[in-house]
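S.K.: Okay, so TrEMBL annotates it like this:
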| type | residues | note |
| --- | --- | --- |
| REGION | 1-23 | region 'Disordered' |
| SITE | ARG39 | site 'Important for substrate specificity' |
| ACT_SITE | ASP97 | active site, proton acceptor |
| SITE | THR98 | site 'Important for substrate specificity' |
| SITE | GLN181 | site 'Important for substrate specificity' |
Amino acid sequence: MGDRTNLPRSAGTAAERDNEINPPLRQPLSLILASASPRRLSLLKQIDVFPDAVDPADIDETANVQERPRDLAQRLAKEKAEAVARRHKNVFLLSADTVVAVGRRALGKAETEDDAYAYLKLLSGRRHHVYTGVTLITPAGEAVSRVASTAVIFKPLDISEIRAYISSGEWHGKAGGYAIQGRAAALIRQIQGSYSNVVGLPLFEVANMLKGKGYPLGAERG
Ligand SMILES: Cc1cn([C@H]2C[C@H](O)[C@@H](COP(=O)(O)OP(=O)(O)OP(=O)(O)O)O2)c(=O)[nH]c1=O
């Protein structure tokens, strides 16, 4: 009894006392961006999220038969995350996939001028949807996914406008053959939904996912 009453009131158990002298080391909260897209990296910077490393996935992005564009975006984001997670342990890991869809048809990334021409003719004067699937894996290995959707309406494009856009080269490697963050903005009459989602990462959803799973954002990061 005598020993105990001589201890400071806050001393608690032996383990707690040790921790006061040697607090447990806190794990650094590393974030891996599993994407080769420079747009995704700069979108994250816009909300003060700075990945510790970029490690892109290399997966087959072919749609399954009858797969809906929204489901495709979600599946590919998950597969990218799972592929890269095998190389990293105890980290946050973020991946995404952007799909441009006309009705049930998903347009891939334009790789040739012919692709870009065909896509822009299809998008001319009509409304289409852009879906970005996002997957976050936590240090404990839990995976969460979301899909954001934005409707985009192009003005009717004549052949000379399509040719001029193609000569800019901005379509290359972009889903649907255009980049809203560049010259295509002059051809887009309206969007309904998140702008960053069209560029490749829905920032509102991403911020909520990170916060929800305990990744410190902004001031919390210190
Ligand atoms: C519609 C649209 C797409 N894009 C881009 C975003 C994506 O980079 C790309 C869609 O391809 P994704 O397969 O989503 O991404 P990626 O191959 O560039 O990178 P990774 O798979 O490594 O994550 O299209 C724009 O930059 N602007 C746009 O307006």
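Note that Cβ sites are derived from N, Cα and C of the backbone, with glycine treated the same way.
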S.K.: Count, for each of the recorded sites THR98, GLN181, the other C-beta atoms lying within 10 angstroms of its own C-beta, and report the residue with the smallest count.
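M.R.: Looking at the recorded sites THR98, GLN181, the Cβ with the fewest others within 10 Å is that of GLN181.
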S.K.: DSSP three-state call for GLN181 (site 'Important for substrate specificity'): helix, strand or coil?
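M.R.: Looking at the DSSP assignment, GLN181 (site 'Important for substrate specificity') belongs to neither helix nor strand, so coil.
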S.K.: Could you round the CA separation between THR98 (site 'Important for substrate specificity') and ARG39 (site 'Important for substrate specificity') to a whole angstrom and send it over?
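M.R.: If we compare the Cα positions of THR98 (site 'Important for substrate specificity') and ARG39 (site 'Important for substrate specificity'), the gap is 12 Å.
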S.K.: Taking the Cβ of each of the recorded positions and counting other Cβ atoms inside 10 Å, which one has the highest number: ARG39, ASP97?
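M.R.: Within the set of recorded positions, the most crowded position is ASP97.
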S.K.: Fill in the CA-CA distance, GLN181 (site 'Important for substrate specificity') to ARG39 (site 'Important for substrate specificity'), as an integer in Å.
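M.R.: Pair distance, Cα basis, whole Å: 9 Å.
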S.K.: If you measure ARG39 (site 'Important for substrate specificity') to ASP97 (active site, proton acceptor) at Cα, how many Å is it?
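M.R.: The Cα atom of ARG39 (site 'Important for substrate specificity') is 12 Å away from the Cα atom of ASP97 (active site, proton acceptor).
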